[in-house]
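S.K.: Take a look at the following structure, please.
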Amino acid sequence: MRTQLSDIQRMKDRGERLVMVTAYDYTSAQLVDRTDIPLILVGDSLGMVIQGNSSTVPVTIDEMVYHTKAVMRGSSKALVVGDLPFLSYTSPEQAIQNAGKLMQIGGCGAVKLEGGVNLAPTVRRLVDLGIPVMGHLGFTPQSVNQIGMRVQGKTVAHARQLLDDALALEAAGAFAIVLELIPAALAKAITARLHIPTIGIGAGVGCDGEVQVWHDILGLYSDHLPRHTKRYADLGSTIEQALTQYAHEVRERSFPTAANSSVIDANTLAEALGEQTVSVGASAKVAV
């Protein structure tokens, strides 16, 4: 049975840590489905780890729908949250249209958007229409050209603003909030003041849960590993070794072998090629 919004709130109420990970396709979603991870984020981070862009800004709503559909085909247990990408929710009306597309066509169970007090009216409109919304505060990747990639909330004014933003999102009906790249003590304080769950990334252990990028934790991304993540496997090296071995065996003609091939009756092949058929007692099968 798929994770429900009520399950997420119940986990916070019980003090059970929430686990969330990104997934971008059918295969990664299937692998998550083999675990007990209750939340999948189809993040616009795909712009970087899938498309090779330097930020999430170029990602479009149609691309998000495409990847969300693929994830939904591979997932049967997790609550799947789809990102609304840059400039896809500049007005409540546009947000409704694109969030609706992400849920109706993509199939996800909720959407995520970046912003605080300024986005609260949009969040309220979405929630009133039955669209579950996850907020996102702190470092907001879609604003990277304005704020840069650095820790947020380190001044009195900014810390207060983040708290106000979180309270506004909760009041507007958001079911959870991602807190990214903010001081751990501030994230813990915000979490304590909210009734809804917080999910951290680079925000310390005081949040109600954690989200990490698939490629980072599995060692698939060769670029610099951010301080706020941890590599749990080195699949990049494993894949490189496998590809190198595959290429070697193909060049040395040790792959494919007879076990990897099909056979055809020798006389059938000879007749098809207009050649003399084999004599009785000769090998009746030819590998192809």
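The backbone N, Cα and C atoms fix where each Cβ goes, and this holds for glycine too.
Dumping what Swiss-Prot says about this protein:
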- Asp44, Asp83, Glu114: Mg(2+) binding site (BINDING)
- Asp44, Ser45, Asp83, Lys112: 3-methyl-2-oxobutanoate binding site (BINDING)
- Glu180: active site, proton acceptor (ACT_SITE)
S.K.: Restricting to the same chain and to sequence separations of six or more, state which residues have a Cβ under 8 Å from that of Asp44 (Mg(2+) binding site).
M.R.: Thr56, Val59, Met64, Asp83, Pro85, Phe86, Pro141, Gln142
S.K.: Could you state the CA-to-CA distance between Lys112 (3-methyl-2-oxobutanoate binding site) and the residue listed as 'active site, proton acceptor' to the nearest Å?
M.R.: 13
S.K.: An 8 Å radius from the center of the Asp44, Asp83, Glu114 Cβ atoms defines the neighbourhood of the Mg(2+) site; name the other residues of that chain inside it, in order.
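M.R.: Output for this site, in sequence order: Gly43, Ser45, Thr56, Val59, Leu84, Pro85, Phe86, Lys112, Leu113, His136, Pro141, Gln142.
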S.K.: For Glu180 (active site, proton acceptor) and Ser45 (3-methyl-2-oxobutanoate binding site), what Cα-Cα distance in Å is obtained after rounding to a whole number?
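M.R.: A Cα-Cα distance of 13 Å.
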